[in-house]
Each structure stands twice: as C-alpha cells, then as structure tokens.
Amino acid sequence: MIRSRLLLLATSACALALTACSGGGGNASAPAGDTVSVGVLQSLTGTMAISEITVKNAEMLAIEEINAAGGVMGKQINALVEDGASDPSTFAQKASKLIESDGVSTVFGGWTSASRKAMLPVFERTKNLLWYPVQFEGNECSPNIMYSGAQPNQQALPALEWAVAQGHKSFFLVGSDYVYPRTANLILKKHIEKGGMQVLGEAYVPLGGTDFSGVIAKIAQAKPAMIINTLNGDSNVAFFKQLQAAGINTKTMPVMSFSIGEQEAQAMGAGLVEGSYAAWNYFQSLPSDANSKFIAAYKAKFGKDAAITDPMVHGYLDVYAWKAAVEKAKSFDPQAVRKAAASLGGFDTPMGKVSFAANQSLVQKAYIGKLKADGQFEIIADSGKDIAPEPYDALAFPGKTCKL
Amino acid sequence: MSGSAISDLLLSVDGVTIDYSGFKALDNFSMTLNRGETRVVIGPNGAGKSTLCDTIIGRVRPSQGRVLFKGEEIQRLPEQQIVARGICRKFQAPGVLLTLSVRDNLALAARKDRRWWKSFGTGIPADEKLAVEEALESVGLTHRAAVEAGTLAHGEKQWLEIAMVMATGAELLLLDEPTAGMGPAETSRTAQLILGLGDSRTVLVIDHDMSFVEQLAAPVTVMHQGKFLKQGSIAEVRADAEVAAVYLGHTA
Amino acid sequence: MDALFLNQLFNGASLASLYLLAALGLALSFGLMRVINMAHGEMLMLGGYLAWMTLLVVPGALGIILAIPVAFVGAAAMGGLIQSTLIRRLSARPLDTLLATWGVSLILQQGARDLFGAVGVEVRAPEWLTGSFVVFGVTLPSARLFIILIAALVLGGLALLLLKTRIGLLVRAVNQDRMMASASGIDVKRVDFTIFCLGSGVAGLAGVMLALLGPVTPNVGQSYIIPAFLVVVMGGLGSIVGTTASAIILGLFAALAQIFVDVSVAQMLLLVFVILFIQVRPQGVIAVKTRQLDA
Amino acid sequence: MPDLSRLDPLKPFLPWLLLALGLVAPFALSAYDLNLLARFMAMGILALGLVLIWGHGGILSLGQGVFFGLGGYAIALHMKLADLPSGEIPDFMVWSGRDSLPFWWTPFSSPAFTIAAILIVPTLVGALFSWAVFHRRVGGTYFALITQALALAFSTLIISRQDVTGGFNGLTDFYSVFGFGLASPGTGSGLYWVTLAVLCVAFVALRWLLASRFGILLRAARDGENRVRFLGYSPTPFKVVAFAIAAMLAGVGGALFTLHAGVVSPALIGVVPSIEMVVWVAIGGRYSLAGAIVGALLVNLARDAVSSAFPELWLYLMGALFIFVVTLLPRGLAGLVKRKAA
C-alpha cells in the first residue's frame with residue numbers, strides 16, 4: 001500500500017525532474033569544437049506531417065551532403081530535429097528550446113504561416129535566424145527570417161497574368177479556409193478588378209473538408225472562364241472528383257491551382273487532375289543538371305517513387321544558402337549570416353540561379369505547369385525574368401513596404 | 001386532526017390514463033387518500049401499481065386525468081416541485097446513492113432548503129441533524145452511518161431508502177415494494193416501522209407479500225389491468241371472488 | 001437561385017444518405033448497448049481502403065460493386081473484434097467506452113498511415129458512375145444517385161431484417177427490456193455482437209460511397225463522424241425511423257444552409273440547430289416510450 | 001470511503017510535495033524549462049475543472065478546448081491592442097481586407113475588462129451551453145457528443161472569421177502584458193509564480209467545493225440523477241454550475257497558457273486537443289485533483305520527450321495508454337494507491 005503510494009509520488013516527482021533534465025546545454029551561438037548545431041523544425045506528427053516530413057528529408061539531405069563534403073568552415077553540422085506537431089504553440093516552444101537550450105546557430109523549418117507567425121517572436125527575441133521554405137501570403141518582413149518560398153507576386157500574380165494572356169476574363173476563387181487562400185484571393189481580386197475582369201464567386205471550405213456539393217453548385221451557376229484553386233491537401237481530391245461527377249469539364253473550365261504539387265498529384269491519381277494547371281517556382285520536370293542530380297540523390301535516399309516538390313527544393317537550397325552565407329561572413333553569428341545572405345548574389349540550386357534580395361526574400365522565376373497523366377508537370381510557360389520579391393502587394397496594401 | 005371531509009382529503013387521482021405506445025398501464029384510474037391514512041395497493045403483475053406511483057411522483061405524465069394533492073393539480077409539475085410539496089417515494093429497486101455515505105444519503109433527504117445556491121457549505125442545521133440521527137436510529141443503521149451506501153446489504157439498502165423517505169418529512173409517502181428481498185423478521189420490522197409513523201403521515205404501500213399486508217392491517221385497493229377493481233379490508237378482499245379470479249387467472 | 005436551390009435539395013439528399021449510412025451503425029448499437037464507438041469513423045476509412053484494394057484485384061467496371069460486400073464484411077469483422085475485445089468489457093460504462101474507442105481510433109488511423117501511407121489513395125469510380133443526368137436544369141451526378149440508392153437499399157434491408165427475421169425479433173426484445181430479454185433466455189451478448197458487426201459493416205459500406213466522392217486517407221472517417229454523432233443525438237433512442245428522419249433533416253439543413261453561408265458557418269449552424277431542436281424535443285425525433293428506469 | 005483514505009498516512013502530503021516542488025522549480029530550472037513547466041501547470045488548471053465535472057459530476061466534456069480558447073483569445077486580444085501604435089489595426093486585419101477594429105475588440109484595451117472577460121466569458125458560455133442541454137435532461141453520452149460538435153464548430157468559426165480572429169494563424173507576436181515586457185526574464189518567472197498561485201487557489205477552492213454539500217449533491221446527481229430529483233432537488237443547476245466552474249478554470253488556464261506560449265491558435269482548441277485534455281485527467285486520475293495535475297504534467301512531458309524522437313510511436317502510445325487506463329485503471333495513477341489500499 002505504501003509502496004504504491006510512493007509510486008505515485010515518484011511519478012509526480014519525475015514530472016518535475018524530467019523538466020529539469022530535458023534542458024541543459026549551453027547558449028553558445030559561436031560553436032566550439034568540431035561541430036555546429038542547427039535546428040530542423042517541421043511537423044512530424046499531426047495534419048501537416050504528410051507535407052512537412054518531405055521538407056525535413058530535403059533539409060537533412062542537404063546537411064548530409066555538406067557534411068560529406070567537409071562541413072561548414074571545417075565544422076560538421078549537427079542537425080537537431082524537433083517535431084512541431086502541426087501546432088503553432090509547439091513550434092514556438094520547440095524553436096525556443098532549440099535556440100535557448102540547445103544553442104543552435106540557425107533553424108530550418110516551418111510550413112504553415114501559423115507556425116511561422118508563432119515562431120517569429122522567438123526568433124526576434126533571441127536574435128536568431130529562421131529559414132522558411134514555403135510560398136506564403138506575404139505581409140510579413142522580419143529581419144530574423146529568410147523567406148525562400150514565393151511571395152504572392154512570385155506565384156499567384158504571374159499565374160493570373162498567364163491566365164489573362166490566355167484570354168480568360170472571369171474567375172471563381174475556391175480555397176481552404178485559412179490565411180493563405182483568403183489573402184492570396186484578396187490580392188488576386190484587386191488585380192482582377194483593376195484589369196476590368198470579373199470575380200464571379202469566392203468560396204472556402206474548412207481545412208480537410210471533403211464536401212464540395214454547395215461550392216460546385218455555385219460554380220456551375222456562375223460559369224467562370226477559370227477556377228483559381230487554393231485548396232490544401234486532401235480537399236483537392238474531393239473537389240476534382242465532385243467537379244467531374246457534376247459534369248464540369250476541366251478542359252472547358254480550366255483550374256489553376258497554387259497548392260497542388262507533384263506529391264499531391266501523385267496521391268490524387270493524375271487522371272483526375274490531368275490537364276489542370278499549377279504555378280510554382282520549381283517543378284520536378286525542370287530540365288537542368290543540378291536538378292537531375294538533386295532528384296537522383298533524394299530518390300537514392302528516400303525511395304524511387306518519391307515526388308519532388310517546390311517546398312522541398314526551397315528547404316534544400318536554404319541549407320546551402322546558409323552555408324554560403326556563413327562562409328562569406330566567416331561567422332556563425334545569425335546577424336552576420338543574414339547580412340551576408342542578402343548580399344550573396346546568385347547561387348546555383350536545383351531550380352537554377354537564385355539570390356536573396358535585401359528584404360531577405362528569394363529572387364526567383366515563376367513557372368506554369370500543366371499536369372500530365374504520369375503525375376508530372378509539363379512546363380508550358382515561365383516568367384522569363386527573375387522576379388524580385390514584394391512582401392506587400394502595392395495594389396492591395398498601398399503604402400506598406402518592407403524596411404530592414 | 002378533525003375537520004370536514006374535504007380538508008381530510010390529501011390526494012386524489014382522478015380518471016388518469018397512462019399510455020405506453022398503445023399499452024394502457026393506467027386506464028381511467030381513480031382513487032383518493034385521506035390525511036393520516038395508510039393504504040395498501042395490490043394486484044397482479046402489470047396491474048399498474050408502480051405506474052400509479054410514477055404518476056403521482058411525476059415520473060410519467062398522464063395523457064388524461066388529473067392528480068390533485070391538497071386540492072392542487074400536480075400532474076404537470078417537475079418532479080422536484082412535487083417532492084417539495086410533500087410527497088416522497090421509495091422505489092422498487094433500492095434508489096439509494098451508492099457512492100455516498102449512509103449519513104450523507106440521509107442528510108440530503110432531510111435537508112429543508114434544497115436550492116442550489118444554499119449548497120455551498122458543510123454545516124447542517126441542528127433540526128436536520130436530529131432528523132438524520134432519528135432516521136438512522138429507527139432503521140437501526142446508526143452503527144453503519146459512515147459506510148458507503150453501496151456496501152450495504154440489500155435489506156439494509158431498503159431500510160436506508162425508507163429512512164430517507166421518512167427523513168424528508170413528506171406528508172405522503174409512496175412505498176413501492178418496501179419488503180422486496182427481505183426475510184420474515186425483516187418484513188415484520190418494516191411493518192412496525194410503517195405502523196410507527198402514526199397519524200402524521202399518509203402512506204401508500206405497494207406490495208405482494210400478503211403477510212406483510214396483513215400486519216399493516218390497512219385498507220386495500222386492488223388493481224387489475226390499469227383499472228380499479230376492489231377496495232376493502234384485507235379479509236374482504238381475500239373473500240372476493242372477482243379478486244380471486246384475477247389472481248387465479250393470472251397464475252393460470 | 002432556383003436552380004441552385006434545387007441543386008442543393010438534391011445535394012442535401014445525397015449528404016443525408018451519407019450521414020445516414022455513417023450514423024445507422026452508431027444508432028443501432030447505441031439503442032441496444034447505450035455505447036458510442038468513437039472508432040466508428042475508422043470503419044468508414046477501412047471500407048474505403050478495402051474498396052481500393054478490391055479495385056486493385058478486380059479493376060473494371062464491376063469492381064466497385066464487388067467492393068461493397070468486401071468492405072461490409074471487412075468492417076464488420078473489425079467491428080466485431082473491437083466489440084468482443086474492448087466494448088463488451090466496458091458495457092456498463094458508456095463514457096469510458098467513448099474514451100477507450102477513441103484510443104482505438106487513434107491507433108487505427110496511425111496504422112493506416114503506416115500501412116498505406118499518409119498521402120492517401122484514390123478509388124477511381126467506373127465510367128458508369130462518373131457521368132451525370134440533367135433534369136429540369138439540375139445536374140444529378142450518377143455517383144450521388146448511386147449513393148442515395150445504396151442508402152435506400154441498406155435502409156430497406158435493415159427494416160426487413162429487424163421486422164421480419166428472428167434476429168430482428170431478438171434485437172427488438174433486447175431493445176425493449178434488456179434484463180427481461182436476458183432472463184427469458186435470449187443470448188443478449190450475441191445480439192449485441194451481431195448488431196455491432198452489422199453496424200460496423202454498414203459504416204464500411206459508407207466508406208466505399210465516400211471514396212466515390214473524395215480521397216481515401218487515414219483520417220477520412222473524421223470528416224463525417226461528427227455530423228453522424230449529431231444525427232444520433234437528434235434521432236432518438238433505438239429508432240431507425242428517427243435516425244433516418246434526423247439524417248434527412250440534418251443533410252438538407254447542411255446543404256441548404258450553404259446557399260447562404262460558407263461551409264464553415266454552416267457547420268456552426270448545424271450544431272445550433274441541434275441544440276435548438278433538443279429544446280423542443282429532447283427525446284429526439286422519434287421517442288420509443290419504455291418503462292426502463294434510466295438512472 | 002473516507003476511512004479508506006485515512007488508512008494511508010502519506011496521502012495528505014502529496015499536494016504539499018507537489019507544492020514544494022513547484023516552489024523550488026524556479027531556482028532549479030532554466031528559463032526554458034520553467035516556461036515549459038508553467039505551460040503544463042496552466043493546463044493543470046484546466047485539468048482540475050475536468051475532475052470536478054467528469055470525475056465528480058459524471059459529465060464528460062469533449063469540448064474543454066473551447067473554454068481554454070475563450071480565455072486564451074481574451075488575453076491575446078488585450079496584448080494585441082496593447083502593442084498597437086495608436087490609430088493602427090492589427091496586421092492580420094489589414095491583410096484580411098479590414099480597415100477598422102471590430103467594436104468588440106476595443107474594450108479589451110482595458111486590463112480590468114480583459115481580466116473580467118477571462119473570468120466571465122467562458123463561465124457564461126459554459127453555463128448557457130450546459131443549461132440549454134441539461135435542462136432538457138439530455139446528458140451522458142449525448143452531452144459528450146454535443147460538446148465535441150461544439151469544439152469542432154468553435155474552432156471552425158475562429159478559423160473562418162480570419163479578419164477578426166486571426167484565423168488559422170491565431171494570434172501571436174506579443175510584447176507586453178499589463179505593462180510588463182514579455183521578453184524580460186523577470187516577467188517569465190513572475191508569470192510562473194502567478195500560475196502557481198492560481199493553481200494552488202483553484203486546488204484549494206475545488207477541494208473545499210467537493211467536500212461541501214454541493215460536492216455531495218454533484219456526486220449524488222452523477223450516481224442517481226432521478227433519485228436526486230425524487231429527493232426534491234433539481235440536478236440541473238448543480239451540473240450547470242459545475243460545468244461553468246470548469247469552463248472558468250479552462251478559460252483561466254487558457255489565458256495563462258497563452259501568456260507562457262506567446263500564441264493562441266485554433267490548433268489548441270479543436271476536437272483533438274479537447275479530447276487530449278481528457279486524456280491527461282484519465283491518466284492522472286479523474287477523481288483526484290492532485291492526480292489530474294500530475295496527469296497534465298506527465299502526458300505533456302511525455303509528448304515533449306517522445307514525439308520528436310519517435311513521431312509514429314507517440315500516436316500508438318497515446319492510443320494504447322488511453323485504452324489501458326480507461327479499461328483497467330479507471331481511477332488513473334491516483335487509483336493505483338486506492339485500489340490496493342482497499
């Protein structure tokens with residue numbers, strides 16, 4: 001009896017002791033010894049894990065390659081992987097742990113804007129640096145984040161320009177109910193209206209939602225020339241299936257998607273979405289030696305069926321950009337690194353030569369792809385020139401600029 | 001306690017029909033009870049005895065008819081208000097609160113002020129305390145007062161519930177099979193308990209056990225198929241051919 | 001607006017069919033055992049994956065027809081396993097059953113993730129289910145018509161089973177008075193088991209229907225399970241008629257609300273509607289009066 | 001029941017031991033670990049409420065996240081406004097196409113209003129919601145299912161009203177609370193002490209409440225709702241009041257959690273997090289206040305330790321643990337003792 005009581009006491013004591021033990025470690029941003037620690041912080045569990053694990057893989061691949069090639073300034077990279085659990089507060093907590101308890105020099109990670117927003121105060125407080133690899137809605141510009149994913153003017157707007165050039169004049173906007181679709185659509189609407197064209201409707205379904213009957217009925221009634229789709233993940237399968245079932249032909253009413261990449265296409269059964277369009281800064285089908293090499297390396301490590309997507313390549317190039325910036329700054333200090341990164345100039349990546357602008361976002365091209373039966377995209381157009389990133393769309397958010 | 005016939009009338013069940021999806025558990029049933037009276041209701045299984053209690057206490061609502069208590073209609077009131085007016089019932093299967101102590105069970109029953117905002121405290125008024133101790137005494141559970149009611153034997157649970165019903169201070173007590181599962185000694189003790197209530201309480205007892213009914217020596221109402229069949233002393237009822245037929249017909 | 005209204009009326013019917021298929025099993029076993037299986041959504045998921053596997057073996061136009069019995073049997077077997085190993089042991093503790101089966105649901109979801117991948121698989125509807133009919137300007141997708149038809153058949157089948165067969169008689173007896181049924185020699189546990197399997201099987205079948213309209217993923221069951229719970233709450237205890245009426249009301253409500261508001265808001269309104277409904281009829285759409293004491 | 005617990009000489013010391021550990025923690029732990037502990041203690045406050053309604057009231061709520069969120073959002077609104085240059089609106093409103101503050105935001109610039117809102121709003125919502133269900137005598141499993149639908153509806157609504165709630169992103173990027181800078185280490189430990197104090201007050205208050213006649217009646221209504229009714233009590237107000245108190249504790253816990261975490265978002269308040277809250281209490285012990293606190297600490301620590309290293313394992317572990325505890329150990333860790341004592 002008393003023994004079991006002690007058990008309870010012990011467990012509660014452990015609760016506190018565990019907290020005490022889980023920490024420790026110094027707070028050094030100038031690493032001693034032969035290694036330098038960096039954080040890799042993605043959701044390994046929860047709803048976002050499906051996407052974020054692939055980015056984690058790409059980031060780990062880059063780190064291994066760099067280590068195999070001699071490391072950064074003679075130091076091997078020690079990657080500390082943490083799980084953000086698809087929960088913003090966990091991201092904030094783990095970022096704080098990586099920086100303050102584990103003393104990492106920088107962190108690669110995040111996918112949703114929610115996770116980035118939650119981590120931002122941590123990075124600003126600790127003056128550390130986050131490398132964020134995913135397209136987002138802009139409207140943010142922190143000195144402690146390097147934004148390599150597309151700003152709206154590097155993905156959504158080029159896609160609209162292309163669609164207009166194809167003669168489409170009326171649009172229906174469908175999205176998952178969260179920040180990126182709503183804000184991207186806000187920007188698109190301003191541009192569509194300014195161009196004298198029409199937005200015939202706008203509809204959102206909850207994240208992960210699979211009932212599109214009402215949305216599709218509205219689309220069928222509105223008869224837009226093109227559907228602009230910012231649905232996320234599984235919802236796309238349901239949307240395209242129900243579109244098809246309702247007799248809407250995506251050949252006559254084409255769909256432009258901003259969140260369907262190779263991974264999603266593979267999962268959806270490409271037959272369903274074949275012929276629909278997507279805009280990204282990278283497609284797996286991009287012809288270049290650097291890309292082929294990256295794809296081969298990834299597949300060798302993570303399986304030959306793995307699909308390669310835009311955010312993965314951004315995660316991968318982030319690590320290389322950090323290495324280059326460290327070597328340019330000759331320091332692991334995040335402040336020195338971010339300054340060096342913004343003045344690196346062009347560097348080679350699987351998606352071609354890119355560079356970081358002074359506002360710490362990536363200068364990159366946009367591509368329009370058409371989905372083929374094999375789940376790969378045929379690149380049918382590109383922006384031609386490199387597009388300078390604009391966190392604040394001048395039309396939708398006049399007067400806002402990014403000052404760093 | 002003298003007075004006119006009207007002021008003597010405590011409860012009147014007036015033409016009540018209870019319909020369970022087509023099956024009439026009570027069929028235009030009427031009866032009355034006077035203050036201080038003890039009445040026994042008997043009848044074969046399915047005669048509607050328990051349903052009668054259910055109706056009076058508000059567990060089921062009549063589709064026709066009225067229930068008058070002290071001259072006021074109560075058949076639409078919420079249960080707790082019916083209880084507040086002075087009716088309390090012992091259920092067929094013991095309805096004690098199993099995880100509370102015997103004393104807590106009785107304290108809840110004896111409590112006068114049952115409004116929730118008066119429940120934030122532990123103190124018990126002296127008169128309620130006294131009522132609890134008396135109730136414990138009367139059913140001989142004083143030495144068991146601190147144990148969890150769930151650990152009591154079946155007979156003890158029955159007594160605890162009877163004690164609870166008594167402790168509420170209700171004027172009308174409905175006792176649904178108070179001796180179920182009791183041996184002869186316990187049964188006669190229960191009868192003594194009920195007889196000891198005296199004139200201040202009106203009691204309606206439902207039971208099968210004829211020896212128990214005889215000990216109560218109270219007027220008997222016989223029900224059959226939801227209807228009133230006979231009323232009279234136990235001897236009269238026993239001698240009645242119709243009653244015999246009903247019971248025989250039932251057993252046959 | 002008129003075409004949209006008619007369209008949503010039809011969509012409401014198909015949504016109601018899905019709600020009904022998802023909720024029937026829950027309602028049946030709730031009526032009988034007073035327990036809710038939180039892993040019921042995973043029976044839908046299982047049905048979806050079984051349909052996918054069936055189509056791998058038997059591609060072709062009739063694969064989907066074959067998938068229906070396969071999913072039914074597979075989900076029924078899984079349901080039986082859960083009932084006999086876990087739920088039976090918790091029968092007197094309905095809230096604990098809720099929680100324990102939620103644990104089962106977590107494990108089944110993660111199991112599916114490890115077996116089939118987190119990405120999900122696609123069940124391709126055969127040609128004859130991808131088309132649509134246009135009637136009075138309303139597009140009626142064959143897949144949705146098929147779902148309504150299946151729901152009607154399942155409902156008819158269940159009605160026959162409960163009203164005309166011996167097992168149905170036993171179920172009704174146990175439903176009425178469990179103690180009495182048990183006392184009169186009915187193997188109550190076996191009735192429970194049978195009904196639980198049957199209910200799970202129907203959910204598996206619902207999973208096949210869902211696969212026609214959306215993806216099959218480890219968490220596909222989650223998207224319809226909460227409306228199905230609401231159907232049970234509103235349907236009333238142990239009544240198939242009540243469950244059906246409740247599914248139709250909620251399906252139509254959800255679909256028609258979408259004419260005016262977003263899906264997100266429609267979801268909120270659905271709950272508000274149910275809470276308002278129980279103000280009027282706390283016993284559900286259909287209440288079977290019994291003499292059993294609840295407490 | 002009381003005799004049994006008196007058999008055990010150590011039992012009265014358990015809360016004191018927890019308190020002692022809580023008092024020592026700020027001197028033994030790093031700032032990061034202290035922050036982590038404080039978050040878990042904030043969750044512990046919510047867990048106490050579940051002991052009241054679930055353990056003693058038999059009311060299973062799968063929607064405590066809603067009240068946690070109401071408290072969290074209330075303090076977040078205040079902090080968003082506090083850091084705002086005058087005449088501006090929060091950034092997310094701009095990019096959601098809004099140009100003015102919604103009217104119901106403005107009073108949150110007052111600290112007094114905010115604190116009142118944290119205490120009152122969840123309580124009131126909890127009371128109204130539970131009354132609407134309980135007064136129609138709908139309870140048990142039905143109530144649990146309805147609360148789950150509430151969690152879904154509430155989180156969906158927060159997400160879809162992005163222009164006024166911050167949507168899926170939630171609210172974050174706070175700099176000060178009631179004039180104290182959040183970045184300063186003093187504020188961190190100060191908030192820890194506040195959390196510890198609130199936890200202690202809640203613990204003592206609930207202990208008193210559970211021992212009072214209210215507690216007895218709540219347990220009575222759990223075990224025999226109709227019996228209580230036929231003793232002349234209406235069980236509804238007892239259940240509603242208990243639910244409202246639990247909602248208030250959840251709201252206070254949510255507000256404190258938001259202060260420690262620096263973010264409040266729909267990811268914390270939906271269906272799955274709401275069930276996980278029940279898991280803490282199931283594991284710690286649904287009848288035991290101290291057990292619930294221990295459960296909240298242990299489960300969250302375990303998640304912290306396991307989910308990064310073995311993400312797949314975590315879900316299996318949580319599912320299996322839940323099944324195990326609920327079927328074989330319904331009194332949770334706290335019951336390990338009681339059962340053997342008996």
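Here, residue 1 is simply the first one shown, and the rest follow in order.
Each Cβ is built from the backbone N, Cα and C atoms, and glycine gets one as well.
Keep in mind that this is a model prediction, so the values were computed, not measured.
Lifted from TrEMBL, the feature list:
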TRANSMEM  D:13-32  transmembrane segment
TRANSMEM  D:44-76  transmembrane segment
TRANSMEM  D:112-134  transmembrane segment
TRANSMEM  D:141-159  transmembrane segment
TRANSMEM  D:190-210  transmembrane segment
TRANSMEM  D:230-257  transmembrane segment
TRANSMEM  D:277-301  transmembrane segment
TRANSMEM  D:313-333  transmembrane segment
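Take the transmembrane segment (D:190-210) and the stretches D:112-134, D:277-301, D:313-333: counting Cβ pairs under 8 Å, D:277-301 has the most. Counting same-chain residues at least six beyond the ends of the transmembrane segment (D:112-134), those with a Cβ under 8 angstroms from any Cβ of the stretch are 59, 66-67, 70-71, 74-75, 77-78, 142-143, 146, 150, 235-236, 239-241, 243-248, 250-252, 254-255. Only sequence-distant pairs (6 or more apart) were considered; of these, fewer than three Cβ pairs between the transmembrane segment (D:13-32) and the transmembrane segment (D:313-333) are under 8 A, so the stretches are not in contact.
By number of Cβ pairs under 8 Å, the transmembrane segment (D:44-76) is matched best by D:230-257 from the list D:230-257, D:277-301, D:313-333.
For the transmembrane segment (D:313-333), the list of distant contacts is 276, 279, 281-288, 291, 294-295, 298, 302-303, 306-307, 339: same-chain residues at least six beyond its ends, Cβ to Cβ under 8 Å. Long-range contacts of the transmembrane segment (D:277-301) within its own chain (CB-CB distance under 8 A, at least 6 residues past either end) are made by residues 14-15, 18, 37, 39-41, 43-44, 46-48, 50-51, 54-56, 60-62, 64-65, 68, 199, 203, 206-207, 210, 318, 321-322, 325-326, 330-335.
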